[in-house]
Every structure is written in structure tokens, then in C-alpha cells.
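In TrEMBL this protein carries:
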type	residues	note
DOMAIN	1-224	domain 'tRNA methyltransferase TRMD/TRM10-type'
BINDING	GLY112, ILE132, GLY133, ASP134, TYR135, VAL136, LEU137	S-adenosyl-L-methionine binding site
Amino acid sequence: MRIDIITVLPELLKSPFEASILKRAIEKGLVEVHFHNIRDYTDSSYNQVDDYQFGGGAGMVMMIEPIDKCISKLKSERNYDEIIYMTPDGETLNQKTANSLSLLENIIVLCGHYKGVDQRVRDAFITREISIGDYVLSGGELGAAVLCDTIIRLIPGVLNNETSALTDSFQDGLLAPPVYTRPAEYKGMTVPEVLLSGNFGKIETWREDKALERTKQLRPDLLK
Ligand code: ADE
């Protein structure tokens with residue numbers, strides 16, 4: 001898979017890809033992540049990427065021309081399955097969306113800033129608009145990092161058995177059951193007996209029960 005991220009702040013975005021699972025996925029060649037600075041696609045000598053909004057109002061708007069130049073260059077080099085715009089008014093990201101995006105070959109992720117992008121960018125180029133939640137970030141970069149993390153960890157070969165995504169919360173529509181590790185007793189706090197029993201049938205049933213119980217308690221909306 002190849003992900004092209006278009007941003008005015010590539011330096012804000014790079015570090016999540018330089019550690020742990022995402023770093024390993026890139027090193028293994030399972031994903032390529034490329035950063036494109038919109039300022040590199042401006043003609044003006046002071047690299048202007050935003051301007052005042054027509055009709056007046058607070059806040060700057062990202063201009064169409066540099067974004068058009070960047071997206072058009074990328075599209076001339078390969079086909080893209082989705083061109084995603086990170087924005088608080090997009091569809092809210094969930095596991096189902098991450099699962100389906102992880103199957104794609106090439107995606108572009110455009111990070112908004114200031115008041116967002118000129119609407120004509122959205123109308124002409126964007127195929128999907130994604131929000132990471134009902135709150136406003138200073139820009140789409142942190143949202144893009146979250147989106148890429150959810151997608152990349154699902155690419156086959158990125159996680160090993162121990163970290164398999166199949167047992168994550170939400171994968172089966174439920175929250176994950178509680179987990180424990182050594183020591184079996186800590187300051188009087190013990191681990192559920194069944195987990196020490198070695199009876200894998202019983203352990204599986206216990207985990208299913210706990211997942212359901214936890215979901216009922218914490219996220220009943222998931223069961224509807
Ligand atoms: N940009 C600003 N806020 C955002 C959000 N909640 N999700 C995605 N991109 C954003």
C-alpha cells in the first residue's frame with residue numbers, strides 16, 4: 001500500500017511513522033508513506049497557501065491552486081483508490097472504515113488547516129471526507145496520523161500473532177475483554193482463576209462473556 005499525505009506541516013506528521021509498528025511496517029516494505037508540502041506547489045515568492053475568505057469572516061482558507069498542482073501531479077503518476085480529506089465535518093472514523101481502507105493500493109490524505117480548504121477542492125478532487133471525532137483539531141495532521149495508524153496496523157504482515165488485530169476491540173463489534181500478565185498476585189490483587197486454568201475452551205468462553213459484559217456496561221450503543 002502507498003499513502004501520500006498532503007500537508008502544510010509535514011514536520012508535525014513524521015514522528016508517528018518513525019517508531020514502533022508503523023516504522024516496522026515501512027521498513028518491511030508493507031507500506032510506503034510519502035509527505036508532500038503544499039508550499040512546494042506555490043508560485044508566489046512567499047509560498048502563499050491560504051487567503052482571506054470571499055464574503056468576509058474570520059479565518060483563512062487554503063487555496064485551490066497549490067492543492068490542485070500537488071494532487072494532479074500525484075494522479076499523473078498512478079491511480080488512486082481514494083482521495084481523503086481530513087475534516088471535522090466528515091464521516092466519523094470507525095473500525096469498519098479502517099478495515100476497508102486497509103485493502104486499498106493507493107490513497108491520498110489531504111490535511112486541512114485554518115478554516116479548511118476552498119470548497120472547490122472538495123467538489124473536484126475529494127472522494128471521501130473523514131473526521132476522527134466530534135471536536136476540532138488545529139489541523140488535519142493529527143487526524144491523518146490516527147487514520148494512517150488504524151489502517152497500517154491492519155495490512156497483512158504488519159502485526160504478528162501476539163499483536164494480531166483480530167482480537168482488538170471493535171473487530172467483532174465488541175470491546176476487548178480485560179487482560180492480565182505476571183505476577184498472578186500483586187499486593188493482594190489476583191488474576192481471574194480461569195485464566196490460570198490452562199483450559200482454553202473455558203478461557204475463550206470467559207473472554208466472550210467479559211467482552212459482552214464490558215460492552216453492555218461501557219458502550220451499550222455498540223449492541224444496537
Ligand atoms: N481537522 C480538524 N478537526 C478534525 C477532526 N476532528 N477530524 C479530522 N480532521 C480534522
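We number each residue from 1, going along the chain as drawn.
Cβ coordinates come from backbone N, Cα and C, glycine included.
Sequence features, as recorded in TrEMBL, placed on the structure.
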residue: GLY112; record: S-adenosyl-L-methionine binding site; Cβ contacts under 8 Å, 6 or more apart: MET62, TYR85, MET86, THR87, GLY139, GLY140
residue: ILE132; record: S-adenosyl-L-methionine binding site; Cβ contacts under 8 Å, 6 or more apart: MET86, THR92, LEU93, LEU142, GLY143, VAL146, LEU147
residue: GLY133; record: S-adenosyl-L-methionine binding site; Cβ contacts under 8 Å, 6 or more apart: THR92, LEU93
residue: ASP134; record: S-adenosyl-L-methionine binding site; Cβ contacts under 8 Å, 6 or more apart: PRO88, THR92
residue: TYR135; record: S-adenosyl-L-methionine binding site; Cβ contacts under 8 Å, 6 or more apart: PRO88
residue: VAL136; record: S-adenosyl-L-methionine binding site; Cβ contacts under 8 Å, 6 or more apart: PRO88
residue: LEU137; record: S-adenosyl-L-methionine binding site; Cβ contacts under 8 Å, 6 or more apart: PRO88, GLY143
What whole-number distance in angstrom separates the two most remote CA atoms of the S-adenosyl-L-methionine-binding residues GLY112, ILE132, GLY133, ASP134, TYR135, VAL136, LEU137?
16
Quick check: which same-chain residues outside GLY112, ILE132, GLY133, ASP134, TYR135, VAL136, LEU137 lie with their CB within 8 A of the centre of the S-adenosyl-L-methionine site CB atoms?
PRO88, SER131, GLY143
